[in-house]
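K.L.:
Sharing a structure here in structure tokens format.
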């Protein structure tokens, strides 16, 4: 009994860790709560005291308004199309590159690996001008291609997948070769099924990153029919209108898929990160 009580004792470091954890959780959750409550306030009523946003009256009229006055459904479909295609194609390419770097011997393999990793050392904003010029020269601006192609190069995915593949026993590959499997079949039939937790994690993060991307779509897209949700949000903002209700409504609506995905797949995220760390 004494041992059990002792195991439940709250030590100083344990208390500190809990305080930090709850503090961080509060920092992350409060803006979300603020956004949701503000989105439910009638237009023009969110310009008073801060606490007024958390008090009645509440209404869903803002949600009806954004659907009636802008092609929000079209923007949602655009975001969904891009956020599905980019992760699937980018992770396919990343896993193929990782498999080649992990299991195939070829000249200058280390150089190729470091060149891929160098993409992680350069901020995306630093390449935005050159990316725009390349897209313009290819004639793909203001199209789905402009939103999809730049997202296919994912050095982080290559690094994580390579770490995972490096941890797989060579006996699997040798046994598959003895059975007559080609390298492609080894990758598809053995490595991909075994790396599902890591792939799921990378898929989720890639989906969220693509869904939330603002800067590049804002620069590359001019047609309203091709807008994604993030670049549609400023449609409801104005330097002459300080009312927060409509922008917060669109933000709350755009956050729904992210919240649902995290609630459903959070165990896969934790499992994938843990496995990639162990295998690495």
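The chain as shown is numbered from 1 upward.
Using the three backbone atoms N, Cα and C, a Cβ is placed for every residue, glycine included.
Remember, TrEMBL labels are computer predictions, not curated facts.
Bear in mind that the values here come from a model prediction, so they are computed numbers and not experimental data.
So TrEMBL lists the following for this protein:
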{"type": "DOMAIN", "residues": "76-269", "note": "domain 'ABC transmembrane type-1'"}
{"type": "TRANSMEM", "residues": "15-37", "note": "transmembrane segment"}
{"type": "TRANSMEM", "residues": "80-99", "note": "transmembrane segment"}
{"type": "TRANSMEM", "residues": "111-132", "note": "transmembrane segment"}
{"type": "TRANSMEM", "residues": "144-165", "note": "transmembrane segment"}
{"type": "TRANSMEM", "residues": "186-208", "note": "transmembrane segment"}
{"type": "TRANSMEM", "residues": "214-238", "note": "transmembrane segment"}
{"type": "TRANSMEM", "residues": "250-270", "note": "transmembrane segment"}
K.L.:
Would the transmembrane segment (15-37) count as touching the transmembrane segment (250-270), if touching means at least three Cβ pairs under 8 Å and pairs must be 6 or more apart in sequence?
P.N.:
yes
K.L.:
For the transmembrane segment (250-270), I need the partner stretch with the highest count of C-beta pairs below 8 angstroms, choosing only from 80-99, 111-132, 144-165, 186-208.
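P.N.:
By Cβ pairs under 8 Å, 186-208 leads among 80-99, 111-132, 144-165, 186-208.
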